[in-house]
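*Asks:* A single structure is presented below for examination.
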Amino acid sequence: MNPVTAASRRDGPGARVELSGWGWRHAGRAEYALRGVDLVIEPGERVLLLGASGAGKSTLLHALAGLTGPDGALTGEQEGTLLVDGRPADRSRGTAGLVAQDPESQLVMARAGDDVAFGPENLGVPREEIWARVDEALARVGFPYGRDHPTAALSGGEKQRLVIAGVLAMRPRLLLLDEPTANLDPAGARLVRDVLARLLAETRATLVLVEHRVAEVVDLVDRVVVVEPGGGVVADGAPRAVFAEHGRALAARGVWVPGLDPAPRTGRAPGGPVLVEAVGCSLRTPPSPGRGRPRTVLRDVDAAVAAGTATALTGANGAGKSTLLTALAGLAKPAAGRVLPRGPLADADPRPLARWPARRLARHVGTVFQHAEDQFVTATVRDELRFAPLRAGAGEAEADARADELLDRLRLAHLADKHPYTLSGGEKRRLSVATALSSGPAHAPDVLVLDEPTFGQDTRTWLELVELLDGLRARGRAIVLATHDTLLLEHLADVELRVADGGVAEAARTGTEGLR
Amino acid sequence: MSFASLSGTAHGRPRGARSWLLGVNPAAKLVAALVLSLGLLPAVDPVTGGVVLAVTAAVVPFSGVDRTTLLVLGGVFLLMGASTGIVNLLYGEEGAWGAFGAAVRLLAIALPGLLAAASSDPTDLADALVQRLGVPERPAMGVLAALRLAPLLADQWRTVTLARRARGLEAGRNPAAALPIFFGKVFALLVRAIRTGTLLATAMDARAFGTGPRSHARTSRWRTADTLLVVAAPLLLGAAYALSAQLGTLRLLFG
């Protein structure tokens, strides 16, 4: 008997999930995240949970994982009943295992084996059995290193595999996956999807999966359940039937439905002179405790960014995309070589971008960070947009006028007095783009640099973003993006610079012209 | 925090003279360091501290701490001693001998703890705290998990710094501008840290942490050498005091 089948036998039968009239309201909120949910999931079923962003999908998963209750991680008010195998969900005995989005914040221990052992330890499993379970779980996810391998040295995809191993070692009968590939690059996501596919073929556990990018997981499930923000189940059935009947409505609400990708209206790139040029740049990873010394990721690299052009940086995580992006944005100084302004940009200041004073840099080169929150510096949405004009010497009235214009353009007017940190993911993304636009003259800097701008966004924000960037490009701005998003590349990128093996090469982008 | 984990040395309790200290149970090292440090608090003369400092320094070559870590720590360490000495020399009332005593005392109090931390793997330390010293599981595991977030925080601090520059915020040479920017960054980092910490706590809860009695995947072993170290610490302390008294150099705080 091979070890895989032996393992699956030990998983035991799947759990049965039963919700009736279930609702959840987060502490301090007036509205319910979900309400009146009636749902039965039979043992061994594989369910994909769908809904617009903010529809409470993660909340439901957390509740199924037993994280609610007096000392749970989730505090709030519950109504109705939620039963796993006929009992209220609780955390004990490891009935449910949860895999969340970000592997970084799920690993507890410094060494791989210890991390997998953490769950069984909490369940009080005897020592000899713990290590047998650890080895088995590591084998099941195809973990390529030994028990002692430091978790800090793993790639994102490897980390997420380890997280899955940690859950498997607890022998759960209900597997809960909350966008397990959302934070990974395409290679990492493939790694994790392969493991999941293999796992689901051999386990009898019940599965509830939340995933934004439906097309990639639809083959793994046999049932799709759609929930509505503040409401209950609005559609339930086989994937094909649900998408045929509700596909368009779901897509309109921002869900990525297979075959219904958003179609942005983009124009031709006008092109223009080179504005920023990297000459003979060697770039190092920033020093970081626990990951050894800074490593040179790119050696003697040349790259150019032109006006009226969308330049995309692609490549696996860790290849140096973000490092190159921060250098091109003038935020960090390369270890060797220079990033120089060219053409009209050199008129502002001919020195390397890294030596520009911050205020001048912000006026000409705007940057949008992957985590929008990192770049917020004031306490209200309106102040975020007034900040740059005021610092550039504009009067109150002018700053207000410019803030209002951007608020309207990016559909943020109704949020003007809110604290930036309290916005939803899509709103934060729009605000972060707006702040970068607010610093330049004529409502946009000459160069706009964006790090994974479409990451984790629903189709509505995605579409707005692409059309906004297209409009900026049409007005002669240089757009630089680091991205894994193939749809974004297809619709927007004019030049693709592939970052790999310590160098940068221009990839052929045939077909984009033909599409337009 | 430990530096051994950063250089990836401690696990597996390597043997051999050069890394002898790595193999000692972290709980034993902690107890010995505490005994020495607390025991030296009353003595302000250079001889008592000097004896402990000399013996502890003699252990350094057998600590298994790698050269880079030693250089960095050693540099900070000597700077600490030198600055204490200079300040006491300039502003103290005890003259050069008193200043020398203050510097030696500080270093002698600091070195044992530093060595114990630098030569202990955090995981081994947490195991030892829980299994040998009876520290409750929740704080021990919590601190261990938080340690894993330290490199993440360093990355986030860098990003937040870059993001301020991108927004046109940079102090340059203006100290009046530096302070509000610094506090803005601290706030942004705090928000991120709390968010990451909450996610990690949720992940730990989801893995049944705190639902009942835990078992232990690893045993924190206690060997004869560990007992010897714990016994040696008060003996060394006693010897240092005795020698200083014999030489007539012993001076006590408030003495």
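These residue numbers are counts, starting from 1, taken along the chain as shown.
Positions of Cβ are set from backbone N, Cα and C atoms, glycine also.
Model, not experiment: these values are computed from the prediction.
Straight from TrEMBL, here's the annotation block:
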{"type": "TRANSMEM", "residues": "B:20-41", "note": "transmembrane segment"}
{"type": "TRANSMEM", "residues": "B:47-65", "note": "transmembrane segment"}
{"type": "TRANSMEM", "residues": "B:70-91", "note": "transmembrane segment"}
{"type": "TRANSMEM", "residues": "B:97-118", "note": "transmembrane segment"}
{"type": "TRANSMEM", "residues": "B:228-254", "note": "transmembrane segment"}
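Could you tell me the structural context for the features on the list?
*Replies:* Proximity of distant same-chain residues to the transmembrane segment (B:20-41), defined by a Cβ-Cβ separation under 8 Å and at least 6 residues beyond the stretch ends, is recorded for 4, 9-10, 13-14, 48-49, 52, 56, 59, 62-65, 105, 108-110, 112-113, 115-116, 119-121, 124-125, 127-129, 132-133, 220-223, 225-227, 229-230, 232-234, 236-237, 240, 253.
Remote same-chain partners of the transmembrane segment (B:47-65), defined as residues 6 or more beyond its termini with a Cβ less than 8 Å from a stretch Cβ, comprise 3-4, 7, 9-10, 14, 17-22, 36, 40, 73, 101, 104-105, 107-109, 111-112, 115, 118-119, 236-237, 239-241, 243-244, 247, 249-250.
Beyond its flanks by at least six residues, the transmembrane segment (B:70-91) meets 3, 60, 98-100, 102-104, 106-107, 110-111, 114, 118 of its own chain at Cβ-Cβ distances under 8 Å.
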